[in-house]
Amino acid sequence: MAFRHLASAKLKTFFVLCAALLLVHAMIYKVPSLYENFSIGSSTLIADVDAMEAVLGNTASTSDDPFDVWNSTFSPISEVNQTAFMEDIRPILFGDANETRPHCNQTPPHLVGPIRVFLDEPDFATLEKIYPETHPGGHGIPTECVARHRVAIIVPYRDREAHLRIMLHNLHSLLAKQQLDYAIFVVEQVANQTFNRGKLMNVGYDVASRLYPWQCFIFHDVDLLPEDDRNLYTCPIQPRHMSVAIDKFHYKLPYSAIFGGISALTQEHVKAINGFSNDFWGWGGEDDDLATRTSQAGLKVSRYPAQIARYKMIKHSTEATNPVNKCRYKIMGQTKRRWKTDGLSSLKYKLVKLELKPLYTRAVVDLLEKECRRELRRDFPTCF
């Protein structure tokens, strides 16, 4: 009797294990993935063609001549010697403009759709070994063809080295596959100042523009990692909100007018909206201000389909030097009146250091907080 019970128990266990294996097999090979417009059969991803057409439909056509749009008529950064320093390193950083290779295809040939997100934290020496083809300053160029888009990635930064290494790992992997002529500019604010994301974006645009004839600029938070390689970091027809679906927000827009996280604009767009506001010291407001000035300039914010424009956000704690800006709503309430005079046209800063790191260009800047707050107090006397 005991033997029959034991045999029966083993038989039940066997059937349970078989059922579990069949269920796992079905989940892997038959069930649609989390990406709504993908299905998985074996290990082959079948993309929704309409989604990719929407991406390409939002990509601007660019000039065949890589240097014909370079407008070098910029005002001095703040001191003449800084501008001269940039002129000296420009040929070292970006080399010769002569090209004999064919242009890259409009659709990069090696895209697969959803990709692995690297969350490990390799040190810089390891990353340099992983991406040996990257030129000084974090400049990547395709070797087999001439890139159709010249893109500067602007990253506002302070005291998040682990996040920076993770982001560099993910971005270099993605951007090389997309056959872009790109460089990553990390704009680092000096210590003992309230963080100012919008102004750092303006500084990054200003510094990057002096080094190379970029066609477009992608303003990129350090804690956002792309999940799909069809999310092209190319020049947009209209200003593009790129971080449409973020895991922290359950891959949904928190609100319809959001324009934060990652935004892509051509040089013409940036000039038309006068860049970002310089006046949002602390957390919040500058992204909504950006949306308002984009609308005021007669432009519209575009987005890729949510199943492509997906990001993972690296978790982080609240930073003492980035407190909530309690005056953000008062400043935002005046954007329609102030946007033409608050931005690139009023940008003041001091370039402390410019370094060509193997994987990125590092610009350390003093945003002159005390001086700028005194000027801002005239418009908002109860805030500062």
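Every residue gets a Cβ built from N, Cα and C, even glycine.
Disulfide annotation in Swiss-Prot: C104 is bonded to C145, selected among C18, C145. When N98, N105 are compared in Swiss-Prot, the N-linked glycosylation site annotation sits on N98.
Here Swiss-Prot annotates a disulfide bond for C235; of C216, C327, the partner residue is C216. Within the set of recorded positions N192, C216, D223, C235, the entry lying nearest in space to C104 (disulfide bond) is C235 (CA atoms). Among the listed disulfide-bonded residues, namely C104, C216, the Cβ with the most fellow Cβ atoms inside 10 Å is that of C216.
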